[in-house]
Every structure is written in C-alpha cells, then in structure tokens.
Amino acid sequence: MHGNEVLGRELLLQLSEFLCEEFRNRNQRIVRLVEGTRIHILPSMNPDGYEVAAAAQDRDISGYLVGRNNANGVDLNRNFPDLNTYIYYNEKNGGPNHHLPLPDNWKNQVEPETQAVIQWIRSFNFVLSANLHGGAVVANYPYDKSLEHRVRGFRRTANTPTPDDTLFQKLAKVYSYAHGWMHQGWNCGDYFPDGITNGASWYSLSKGMQDFNYLHTNCFEITLELSCDKFPRQEELQREWLGNREALIQFLEQVHQGIKGMVRDENYNNLVDAVISVSGINHDVTSGDHGDYFRLLLPGTYTVTATAPKFDPETVSVTVGPGEPKLVNFQLKRSTSPAAPKRRGPNSGHRGRVLPKKVQPRAARKKEMMMKQSQRVPA
C-alpha cells in the first residue's frame, strides 16, 4: 500500500507463480492448501505510488518517501476510518466489540484505493490476512493505535493489546520463525525480541488497515515489515524470496486452526450475521452469507455461544487441538419469549459528535455454496 515499499509486491507475484507451479506438480502440501483455502492475493494497493518510486529509481533519485503516497499525496495506511476511538470507549463504557459501524459519510473521507479495498474485504468472509511493507524487518500485530493520551500532539507509544493478543503473537511468531532471519531480532538497526512487536508499542498509528480489519470485519490481520531497503535491487530479490517463501506458506496455513461450522435454524435454514462469542475473549465474529463462520483460536477448551435475533442462544464447550479446526455447528431454536430491549452503545452525543446507531449491512457477496476458509494476503 506504500508505493515505494516494493518487496511485498514482488514476493506476492512470486508466491502466485509458486502456488500454481507446485499445484500443477502435485506438491501435496500445496494441493491441500489450495484446495482447502480460498486465497486472495493483492500485489499492489498503490500502483500510482509504485510508478513514481520506480521512475525515481530509474533516474537515480534517492528519497525515503518518494512514491509512498498515492497520486493524491495521501498515505493509504493512514486513510481507513478510525474505529479504535470507538472500541476504546466501548471497552470502558460498554458497547459492541466487533463489526463497528462506519461513519455515514465514510466514502467521502477515504481515497479511491481505500474505498475499493474496504468494499472488497466486506464482500467476503475473510479470516486471516497480512499487509506487506518495507523499511524494517519485523512482524507487527494490533493494535497499532496506542490507548495512551496525546502528549504535545503525539500519542505516546504503549503496548495496546487486542482481546486476541496471545493469538496475534503466535501468528506473528509463525512468520518470524519461518523467515530466514526475522526471528533473530536485530535488523535494520532495530531490535525486536522474537522478531515481533505490538504496533502501538513500536509507534502509534491511527487509521491503519490492520486495526480496521480487526474492528470492522471477521479478519485477523498482521503487518509484515520485510526489508531494510524499501526498494531493493533486482539481484537481491532471489535471496528475499528464499527468506520469505516458507514463512508465507506457513502463514497461509494458520487459517486452519480454531473452530468453524454452520449456524442454522430448526428448519436447516442458514442464519446470516449470527454472533459467535467465546467466553473470556471480548471479541466476537459473525456468520457469513451462507451461515458459515470461522473463529481462529489457540489450542485449549472454550465455552462458545451462538446468538441471533429472535432465536434462543446455544452454548457449547469445545476443545481445540493443534491440528485441523474443530467443526462446531449450531442449530438455534426460535425464541418464544419477548425480545429483550437492545442495549444502547455509545452512539450519540460524545463530545458533540454523533455516531452511527447500528452496523451497516455488509456488501452482497458472491453466492458460493462451498464452505471454504477464506484467506487473503494483500500487499
């Protein structure tokens, strides 16, 4: 998404070719991955910035930020709606912990590239993703925006974990330790233990794509900083590919952990937007357009509840192992008791701002009846 940070673009093009070639060669690991996973790959979110950066390289023009922004001069990783403010308020005062609504005028506040990506990620029931950058070598996980108050115009850095912090650390370590050298910690003059970091403890970032995914969709995203040199030379690409190849494949495979299943009613009709809650983790996910859901979880025993309007909730105890995800289907019975009044969240009058009162419906998705786990890996 930063046009001058080009290694991720090249790695994803190479990954696409690698997956196709190894599938054709019947590499069983890749065959299982491709046949069992819906993989989306976006090599570049900012082609205009890339063209500017590439032209500067051709003219031997140096500049750390040349080509970073889009054609309108906007940093796309500071351009997503800021939902962190809402979630921090909700955590303190009560309110939704997932699928936070967008402002009514959000389309007027973002760039065309950002709007296109938001509509894309709302169109599929994505589960796991990575956002590829350059300028450091570290696996960064949310939150990116610090909870600490501003000091002299800047928000202080401070570890700001999500409710899924342990899971996010594990996802980051999977990439770091499968990478050729990221796990060593010392890279580019920086030191990150295990080659990972909480984003806000490194530096606080508002309106980033990583936090937006977690707070507005079912998708768990981390940010991968992959090279000290933002625009490495052509002769360095082979080494970088070999250093990242196994890490990319292992990260894709991480989508197959936790629990998954269907949410239906007594007549086996699929229930859309049913809420899947895990006791002790204050972050829910929802079922997709076909009633299918996926919830990433570490090995352990969990109490899981499915709820839907006008239906009685169903709660089960589930033990998750280290291998394939546990299949947990829910069949909800229509409620015969009066519906309880909805609890109001912080949707009005906060310091003069008016917040939207309910979650907007997600964009219509393609009708795919095959229940596959979703995976995207945008650059």
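Keep in mind that glycine also has a Cβ here, set from the backbone N, Cα and C atoms.
Feature annotations, courtesy of TrEMBL:
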type     : residues : note
DOMAIN   : 1-255    : domain 'Peptidase M14'
ACT_SITE : E225     : active site, proton donor/acceptor
REGION   : 332-379  : region 'Disordered'
COMPBIAS : 341-365  : compositional bias 'Basic residues'
For the domain 'Peptidase M14' (1-255), the mean pLDDT of the predicted model: 93
Number of Cβ atoms other than its own within 10 Å, given for the residue listed as 'active site, proton donor/acceptor': 26
